[in-house]
Structures are given as structure tokens and as C-alpha cells.
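Below is one structure, written out as C-alpha cells; the observations come after it.
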Amino acid sequence: KKMGKGKSEDPKYGKRKEKAKMQLKRNIGYFDGVSFIIGSIVGAGIFVSPTGVLKHSLLNVGVALTIWTASGLVSLMGSLCYAELGTALPFSGGEYSHIKRGLGSLPAFVFIWTSIFTKPASNAARALLFAEYATQPFYGICPAPEVLKKCLALAVLWSLGILNGHSVKMAAWVQTVFTLLKMMALSVIAIGGIVLIGWRKDSLARFEDAFSSEIPNASQIAEAFFQGLYAYGGWWSLNYMAEEMKNPSRNIPLTVITAVPAVIVFYLLVNISYLTVLTPKEIVSSVAVAVTWADRVIPSVAWIIPVSVAVSIFGALNSSVFTLGRLSYAGSQSGHLPILISMLNVHSCTPAPAMIFSTTIASIFIIPSDLIMLTNYFGFSAWLMIGLTCASLIVLRYREPHLHRPYKVFLPVPFVMVAMSFFLVVAPIVWSPNLQYVYAFLFMMGSLVVYLPFIHFKLHFAFLDKITCHLQLLLEVSPADESAENKCE
């Protein structure tokens, strides 16, 4: 029996059942958001090699701890800028969506073109590092076979890709569990250091005379600052899930204000703990600082640290897989990627095609892992995009003054972030020029070759529609915002 528009009859009860639009569901709460931010920031670095800051600080403990604090504060300022954009424009895609709104289609396309290359490569690197730590205990002092590590990396990558493509709630639950586990491991190190400070009087001397050793020059401080900011990378991840946050106008700022300061405190406590047990020279020369710390402090259960490293990498990889899928989804919605990628699974309302797309690209990088090394020269592009995003905030403040902004950051903060981003983009290229930077820049400009015919002039091939139709049926996906039975609750 034909019912009214947008309604159908329930065969069991004879009642009318509303049809709902296909859209991402707001399943991510405050604690999930905190877990995603902390899980994105805290990877293997703080466990394995927090030596860069200390090395470039010329083993000056006071300068190193100051740079850790300053790097955290810069990250906090950036995350507060993103919080304003996320609450005013709560859409998937993070920086991509904000750059497109503030600066236009072309800069946004350059961003997504670069991200499609660099972010999957970063995921591939994380998966390989996880495989390294997961397999090495079974081989002792011998290196694990490369084929085994690559197979395990692919298995982990696809497991997380399938999980994130199947259920947002399950992905958020996994993220929360693994974030709690890694924070427990960091707590063991932090609390252990606080306890040892009271027992080891010699360790206090390092902090009492913290600034007594050689003071680094400006370029060395800048290098140390780069290392510190890299360790805080991932603070921008929350904006990729703004469209799925419950009450984003409240939860986005609250989540940022909780998560980033918590990471700053933990990073400082962990570094103080390392300095309590090890000398600055021992820290710089150690391959894995946390493992060396555990061998000294808790030798009977030192195996906890390698396991914690694997757990930390797994959590960071899950968060990165989640956000990369949302970036692809947002790019497709704007017409910058094939339309299939913006479709949602009709059963789970998750961007399954976007997850398959991003996971496939990451898998390609795992096979010839040497390609991952090339992405090191794209590090400047991350801060370029952060600068463009903060510039978008400034532009929108003046161009759209009446845009509803539940949270507004102090206006000088985005100006500081734009200046900081410009410095972090230019400085590495000026101080250590390398031909690879030219290749990276040419790759970014190569986006124009695709943008002009396919985006600007809208060149289209009819046979792609047939392929899209077949894949749509195979994957059971539907365009977002198209009416469908409400199976997504």
C-alpha cells in the first residue's frame, strides 16, 4: 500500500515508519574525543626516542624541558584555533573543509592531493613499526624477516580499516581502550620517576643546575623546537570527526582543553622521569629510552615497555585510519574525489568506500617500504596546511562576521599560528636545502594538472558512472543525504 512521501508501512505492526536521510551519525562523545586526540598525539616517540629535543638543546636539561613546554603550548594554541572552526563548521574533513570555506577550492584541492600521498604513507610507517615491535620478541637478537613484518603490517592495517568501515562505535571503543592502556604505561614511567626523585639525591642536581651547561644557539633551539612539535603532532585530529561529535559546540572545546594539557603534563613528567634515572648522555645514546629506563627501574617486568610501545602505535594507527577515511569522504562530497568515496554503507552509515580507498593506498606504501622515506620531505607541508587553516579562521572572521561561533579564540592567537607556520615551513628549506624539497613542491603543484580539467572544467567520462553503479551495488552503499530506510540507529 502506498503511503505518504518519505514513509513506508511496517509489515509487522502496520505503523508508518519514517525514512531518514543517509548521513554520518553523532556517536562520538566527550570521552571518545579525548581518547582520539590523546591517541593521535601519543605514539611510539615518547617511549622510543625522545632524544631529539635534548640532543639539539646540547644536553641542557632546562632548555629541553622549556622547549617541551613551549611546543605543547603552541600545539594548544593551534588546537584552540581548530576548536573555533570545528564548532562553527562541524563538518568532516578537518583542515580540508575549513580551507575550502575560507580560501577556496584550489587550496583545498592542493591539501587533499598532498594528504592522499603523505597520510597513507604515515599509516604504512606506523603499521610497519607496530609489526617490528610485535614480532621482535619472538626472534631475540636476530632481526625478524621483512616478509613477516610486511604481512603483519598489512593484516593490522586492513583489520583497522574494516573495523572503522563497519562501526564507528566499535572504532571509538577500541580507541578508548588502547588510549587507557598507553596512558597507564606512561603513568608507570611518570610515577616511577617522581618516587625515585625522593630516593636518588644525585638526580636532583640535574634539575637544580638545569641551565648551567652550554646554551644552544638560535638554529639549534629551532631544531629542538621542530622535534618537540613533531612529538605533539596529531592535536588537529578532532576536527576530522566534528560531524560525528555529540553536541559539538560544547564537546569540541572541552575535549581540546582536556586532552592537550593532559599530554603536556605527561610528556614533562615522563621526560623528568627519564632524566631522574639516566644521564642526558645516556638518553641521547639510547636506541629506546623507555626500555633502558625499565631495565634500570623494573628489570623483572621490563617487557611491559615493548608491549606498551606496540599498544601505543596500534592506538595511534587506529585514530589515523579513522581520520584519513573522513578526509577522503569530505573530499569526495566536495567533488574533489570520485563520488563513490562519499557514499555511506546502508546498514551502518559509515563511509566504507572512503575507508577502503585510504587503506588501499596505505597498503601500496607498505609493499615497497622505501617509499615511506620520501614522505619525510613533506613534513613542511603539514605546517603549511596548518598555517592556511588558521589563515582561513582570520578570513572568515572578517568575511563572515555573523557566522554562528559557539566558541571564539582570542584573535591574536591565529595570527601567531600563521607566523609560526610560515617559519616552520621556510626554516628547514633554508637551513638544510635538499633537492627532495623541490620534488615535494613540484608534486604539490602537480595537483593543478588534475584540478584544471577534472574540477574546474568538470571533464567527465561516462564509463566511470557504470563502474560506480556496479561498485555501489557490490558494497551496498548509497549517496549521503539520500533517503533510505533508517537502519543506522
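Placed from the backbone N, Cα and C atoms, the Cβ positions cover glycine too.
Nobody curates TrEMBL annotations by hand; they come from automatic prediction.
Database features, via TrEMBL:
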TRANSMEM  28-49  transmembrane segment
TRANSMEM  61-83  transmembrane segment
TRANSMEM  180-199  transmembrane segment
TRANSMEM  254-277  transmembrane segment
TRANSMEM  297-317  transmembrane segment
TRANSMEM  337-366  transmembrane segment
TRANSMEM  378-398  transmembrane segment
TRANSMEM  410-431  transmembrane segment
TRANSMEM  437-457  transmembrane segment
Quiz item: Where, among 180-199, 254-277, 297-317, 337-366, 437-457, do we find the most CB pairs under 8 A to the transmembrane segment (61-83)?
Solution: 254-277
Practice problem: May I ask for the residues of the chain that lie six or more residues beyond the transmembrane segment (410-431) and have a Cβ under 8 Å from a Cβ within it? | Solution: 74, 77-78, 80-81, 219, 222, 226, 229, 379-380, 383-384, 386-387, 390-391, 393-394, 397, 437
Quiz prompt | Among 28-49, 297-317, 337-366, 437-457, stretch most in contact with the transmembrane segment (254-277) (C-beta, under 8 angstroms) | solution = 28-49
Quiz item: What parts of the chain pack near the transmembrane segment (297-317), using Cβ distances under 8 Å and only residues at least 6 beyond its ends?
Solution: 39-40, 42-44, 47-48, 123, 126-127, 129-130, 133-134, 136-137, 156-157, 160, 175, 178-179, 181-182, 185, 188, 192, 196, 234, 277, 288, 290-291
